[in-house]
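For reference, TrEMBL has these:
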TRANSMEM  A:12-35  transmembrane segment
TRANSMEM  A:47-65  transmembrane segment
TRANSMEM  A:95-113  transmembrane segment
TRANSMEM  A:119-138  transmembrane segment
TRANSMEM  A:143-163  transmembrane segment
TRANSMEM  A:169-192  transmembrane segment
TRANSMEM  A:199-219  transmembrane segment
TRANSMEM  A:261-281  transmembrane segment
TRANSMEM  A:316-339  transmembrane segment
TRANSMEM  A:351-378  transmembrane segment
TRANSMEM  A:385-403  transmembrane segment
Amino acid sequence: MSQAVGINFKKSSIDALIAGFMALVLFGPIVGVVLDGYGFNTEFGKVAWMIAAVAIGRFAVSSFLQTEKGIAMAFRYANNNDGVEVLPPGHKSKMVWVIPLVIVIGLLVPFIASKYILTVIILGLIYVLLGLGLNIVVGLAGLLDLGFVGFYAIGAYGLALGYENLGLGFWSMLPIAAIMAAVAGAILGFPVLRMHGDYLAIVTLGFGEIIRLVLTNWASFTHGPNGVSAPLPTFFGLEFKRRSRDGETFHEFFNIPYDSAYKYMFIYIVLFAVVWAVLFIKHRLVKMPIGRAWEALREDEIACRSLGLNHVLVKLSAFMLGASTGGLAGVFFATYQGFVNPSSFTFFESALILAIVVLGGMGSTLGVVIAAFCLTVLPEMLREFAEYRVLMFGILMVVMMIWKPRGIVRVTRTGFAARKGVVK
Amino acid sequence: MSQENILAVENLVMHFGGIKALNDVTFDIKRGSVSALIGPNGAGKTTVFNCLTGFYKATGGKIILSAGGKETSIIKVLGEPFQVTDFFSPFAFFARLKYKMFGGSHLVNRAGLSRTFQNIRLFKEMSVVENLLVAQHMRVNRSLIAGILDTKAYRKAEEEALERVFYWLGVVDLVDSANRLAGELSYGQQRRLEIARAMCTNPEIVCLDEPAAGLNPSETEALTKMIRVLRDEHNTTVLLIEHDMGMVMDISDYIVVLDHGEVIAKGGPEDIKSNPKVVAAYLGAEEGEEVTL
């Protein structure tokens, strides 16, 4: 290793040149050509700056990796074990302390945060629900579902259309939408049970698109692209409006001045409670026989069948429970927006939810929560970068996949203390 | 059909397109015996296994499993095609429809037959204990409500399942590796874990597909002892495919020899050893030499 120390500047320069060229290919069309009406302006200066930054950065990294420290670091990265780990029996999770803290902070948020921040957090929580739902299907049962947004749409339109046609409010639609989405999950699940992997992904992709196209084109029922308005939740029958057509409103009842933030505060608190309930159920499910069966199905379907597990029911249960969580998220989305239309349920949403599950770590609950917040709150924070937002988002994902290919949070498995074996 | 035979295979035929993998295979397996299915490569041993365990739907013939106090036709539970007479008898129609929709190899396991695989199929990213817990899926409390609320009955069922897990880990000598990932185990340990997993489903007959493949002589010795434990202490019938003749002759009570999809000999180890047809199948007959029994 004696010749390794000492920087080979020629190699670094070549690296920098290659990186600069790649940056030219990537940024040239995106940044260098700006549309202006029917024509376009070329901005060579900006592109030159970006390429220079990339090339200098690459040169610095390349040089650093040739020093002793850099070699040591690269070695550490090459050897870090990101795989699954079995916890020792009787392991006490640090979450025992973190969870109460998060609950307290979470309950304080609506009274501290501004209305804008509150809406961003609500969106984050909705994606947490979506992520948890898809995590059952993709992370635990290993069924690649690219049409998850279909269930989200069923929940959202369920609330809007249920209110319009049947007069059902938020509280009655919350469980009904979950059941509706679960039934839709079963309907989708049944014909595709014999497929796995890529074929399943394509069928589910089609399902998501079918739902969106039906919502767009069945104008007499769904009002097509014009969308439908959705009702707000009520607080024991009190509405969160400035004026109510029938009965009292929230601010009149409590004799406080009207504030449009009240409804967001209320949605936030209900959503917060629902997210915790789903987290708890999810936490129990993975330890229960059904959760084990899902994971076993992901690992080896043939072995599952040889052990007497009905793979049809195991897959269906994963689809249904995942879908019902997606339906819940849809109801919250509709009530939070006050309006739904088909453009909210495009394939991009499905891809985003899948990204949450993959980034968080397949099957990891904590990872999904963190990833959901990152992927929804981050784009909001990146608003200042305007048109580079999606680019930065993409770079972040690429970097994540290089350094943490198995997700943010390492998947752990419970350990069991040895006990006396008895057979009955 | 006597209670003496746990498994009766009659005129089993399996065709893959034009290839006749099995031709009229007939044999019985006695309850409480250790039986072996042997034959040269490509003789159709694994095909017989896959038919028995419900992974292939046999083209013809009958497989009757008498376990758990009743007789199960393995071909029927996989779902047979409809026949004309079904359309006149609603009862038969719905019975067939039920198996067509919800039937499958899992019903064979529930009827009391479990198996292991030639190329080990463990749940690699789950711990050793969890592998054995999954196998007890049909015996634990599966109620969603009870599980989410963590009721007493649920906890009791889980505890019993864990006790069974550690019993079987003791039998296959893996207690020290209980909290490791199944995929991290050595090859021999994985083989043993797979047998333990098959036994956790509480079968009356267990089919082992080449259990000694890739094991060293001392591990094979330990495996032989384990198979005896299964038979003597758990009244489990064992059917195995094996190429290690030393082991087969050592533990088997009954041997069925297959060649080119046909049974060429069956009987005790001594008969098989001296059977000229078997010797010819393994070593090849001299040109022109007619081998007859």
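Using N, Cα and C of the backbone, Cβ positions are placed for all residues, glycine too.
Among residues of the same chain six or more beyond the transmembrane segment (A:143-163), those with a C-beta under 8 A of the stretch's C-beta atoms are 130, 133-134, 137, 169-170, 172-173, 176-178, 180-181, 184-185, 188, 196-198, 200-202, 204-212, 215, 221-222, 228-231, 315, 318-319, 322-324, 326-331, 333-335, 339-340, 342, 344-347, 349-351, 353-354.
When Cβ distances are compared across the two stretches, the transmembrane segment (A:261-281) makes no contact with the transmembrane segment (A:199-219), since fewer than 3 pairs at least 6 residues apart fall below 8 angstroms.
If one looks beyond the transmembrane segment (A:47-65) by at least 6 residues along the same chain, the residues whose Cβ comes under 8 Å of a Cβ in the stretch are 7, 9, 11-13, 15-20, 22-24, 27-28, 31-32, 71, 73-74. Non-local neighbours of the transmembrane segment (A:351-378) in the same chain are 95, 120-121, 123-124, 127-128, 130-132, 134-135, 138-140, 145-146, 148-149, 152, 279, 282-283, 286, 295, 393, 396-397, 400, 406-411; each lies 6+ residues outside the stretch with a CB under 8 Å from one of its CB atoms. As a quick check, the transmembrane segment (A:119-138) and the transmembrane segment (A:316-339) clear the bar of 3 or more Cβ pairs under 8 A, pairs 6 or more apart, so the two touch.
Scored by C-beta pairs under 8 angstroms, the transmembrane segment (A:199-219) has its highest count with A:169-192, from the stretches A:12-35, A:95-113, A:169-192.
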